[in-house]
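Student: Here you go, one structure.
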Amino acid sequence: MSNRYAVILAAGQGTRMKSKLYKVLHPVCGKPMVQHVVDQVSKLNIKEIVTITGHGAEMVEEQLGSSSKYALQVEQLGTAHAVMQARELLEGKEGVTIVVCGDTPLIKHETMEALFKHHEELSAKATILTAHAESPFGYGRVIRNEQAMVEKIVEHKDASEEERKIKEINTGTYCFDNKALFEALNKVTNDNVQGEYYLPDVIEILKNEGEIVTAYQTADFEETLGVNDRVALSQAETFMKKRINEEHMRNGVTIIDPLNTYIGADVKIGSDTVLYPGTILSGNTLIGSDCVIGPHTEISDCHIGDQTVIRQSAAYDSHIGSQVNIGPFAHIRPQSDIHDEVKIGNFVEVKKSVFGKGSKASHLSYIGDAEIGKDVNLGCGSITVNYDGKNKYLTKIEDGVFIGCNSNLVAPVTIGEGAYVAAGSTITEDVPGEALSIARARQVNKENYVQKLNK
Ligand code: UD1
Ligand code: MG
């Protein structure tokens, strides 16, 4: 195998997206398009990946980090001009360079591997990855001669009526002999409708020099979809979503209604977990085995153990253990740490709090900035009063505490191990362990009051 290099084109503004966000940073299933591309390219045994940045260069570099080197294209004069910017990093190197557009998020490493193989087997100087498109509008068309050999690529805008009928399109991914690529780039001109330096022109240049130029057609057009506007973005989302859901199903996850289940590209799920409709899992979320999630549940950046049930709820940036039962209608806010066998029932909001093993808040509570021990029972309507308008304070509830219904715990405050708080209390001072604390007005019954009133 020859040395492999990669150039990823990501400098364009993406005018057709009509967006403040640079095109290649638009997410597909929660991950920026260019990140999808780099993740796939990274699986190809590449010596050096060079990403061409321009519009939003800093943001693109921040996104991709050290997985790539960068070359800046100050002015976006076309895709050939973009590749030229990698000259200092790559020119003169022996090997094969794959060029991929940052706006083709569905491209798979297996297909790129097949492209490399095809290129190497035919000892070609250039190999285009092509696909058959039912609606080829906007794509460059592959022009072949009578012997079906590739002659050149014509951009949609430059194509004649006849050429526009061709359904074999340039996917924007190519393998080049690295040296031949940089030599040919010097000869590309901008004599076309858009006044741009087109990378596909390298094909015709090499062909005219008598070099071997080939095409490798992939059977799957979906994979090569180029995202230039929001319509294509939504198509990419649909294709990617299907791909991700099917992979989870093949790995043993039950998805009741895949069309209405949205799983981010980096989410991991254990086997025999069941996802009900309306489930949205995103970010760096990890769900164990035998869980039941949904219906109508949003989980983002959470680590969840096994056999946990979360129904009609939202959870963000938190740890949730095994055999936990959450919902319906619970809200787990960031930095919460819910240990095993906890129950968080309907209309309970938890924020930046620890729930020790086996503790329960079954109904209608707000628990914020709290450290709750094991086997604590928080009665219906338990509230941690954590905020005085300026600062937030901690509520500590030790193991085995029982908080009666409708109690306010005014922080900072500690309820000692095994203590009881009577229903309806507003606790403003620490409660010693094993104590019963009652902090409410005594009940007064005025006997025969109504009779007196009516006299
Ligand atoms: C390009 C191809 C077209 C192909 C299609 C596949 C050219 C001239 N045309 O068209 O044959 O069918 O992709 O999706 O190459 N970019 C830069 N610098 C520039 C211009 C573009 O980095 O100066 C980047 C863009 O950020 C983008 C990629 O190159 O990621 C492709 O550019 P785009 O404008 O989307 O080209 P298409 O019109 O889609
Ligand atoms: Mg494009």
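Glycine is treated like the rest: Cβ placed from N, Cα and C.
TrEMBL entries are annotated by machine, without manual review.
Annotation source TrEMBL lists region 'Pyrophosphorylase' at 1-230. Here TrEMBL flags 6-216 as domain 'Nucleotidyl transferase'. Annotation comment: TrEMBL describes 9-12, Lys23, Gln73, 78-79, Gly140, Glu155, Asn170, Asn228, Arg333, Lys351, Tyr366, Asn377 as UDP-N-acetyl-alpha-D-glucosamine binding site. The Mg(2+) binding site annotation in TrEMBL covers Asp103, Asn228. Per TrEMBL, the feature region 'Linker' maps to 231-251. If you look up TrEMBL, you'll see 252-455 marked as region 'N-acetyltransferase'. Annotation comment: TrEMBL describes His363 as active site, proton acceptor. Residues or ranges marked as acetyl-CoA binding site by TrEMBL: Asn386, Tyr387, Ala423, Arg440.
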Student: Cβ-Cβ under 8 Å from Ala11 (UDP-N-acetyl-alpha-D-glucosamine binding site), same chain, 6 or more residues apart: which ones?
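Tutor: Ile52, Thr53, Gly54, His55, Ala57, Leu72, Gln73, Gln76, Ala82, Gln85 - these are the non-local Cβ neighbours of Ala11 (UDP-N-acetyl-alpha-D-glucosamine binding site), listed in sequence order.
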Student: Cβ under 6 Å from ligand 1: which of the binding-site residues Gly140, Asn228, Arg333, Tyr366 qualify?
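Tutor: The binding-site residues passing the 6 Å Cβ test are Gly140, Asn228.
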Student: Indicate whether Lys23 (UDP-N-acetyl-alpha-D-glucosamine binding site) is helix, strand or coil by DSSP.
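Tutor: Going by the DSSP assignment, Lys23 (UDP-N-acetyl-alpha-D-glucosamine binding site) falls within a helical segment, counted as helix.
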Student: So which of the recorded positions is most packed in, judged by how many other Cβ atoms lie within 10 Å of its Cβ, out of Lys23, Arg333, His363, Arg440?
Tutor: Lys23
Student: In whole Å, could you give the widest CA to CA gap in the acetyl-CoA site formed by Asn386, Tyr387, Ala423, Arg440?
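Tutor: Comparing all Cα pairs, the maximum is 22 Å.
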Student: Cα distance, Tyr366 (UDP-N-acetyl-alpha-D-glucosamine binding site) to Asn386 (acetyl-CoA binding site), nearest Å?
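Tutor: So the alpha carbons of Asn386 (acetyl-CoA binding site) and Tyr366 (UDP-N-acetyl-alpha-D-glucosamine binding site) sit roughly 10 Å from each other.
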Student: Counting only other Cβ atoms and using a 10 Å cut-off, which of the binding-site residues Leu9, Ala423 scores lowest?
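Tutor: Relative to the other binding-site residues in Leu9, Ala423, Ala423 has the fewest Cβ atoms within 10 Å.
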Student: Quick one: of Asp103, Ala423, Arg440, which binding-site residues lie within 10 angstroms of Leu9 (UDP-N-acetyl-alpha-D-glucosamine binding site), measuring between C-alpha atoms? Sequence order, please.
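Tutor: Final answer, ordered: Asp103.
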Student: Using only C-alpha positions, which one of Asn228, His363, Tyr387, Ala423, Arg440 is spatially nearest Lys23 (UDP-N-acetyl-alpha-D-glucosamine binding site)? These are the recorded positions in the record.
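Tutor: When the Cα distances are compared, Asn228 comes out closest.
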Student: DSSP-wise, what's the residue breakdown of the region 'Linker' (231-251) into helix, strand and coil?
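Tutor: Final tally across the stretch: 20 helix, 0 strand, 1 coil.
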Student: What's the number of neighbouring CB atoms sitting within 10 A of the CB on Asn386 (acetyl-CoA binding site)?
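Tutor: Other Cβ atoms within 10 Å of Asn386 (acetyl-CoA binding site): 23.
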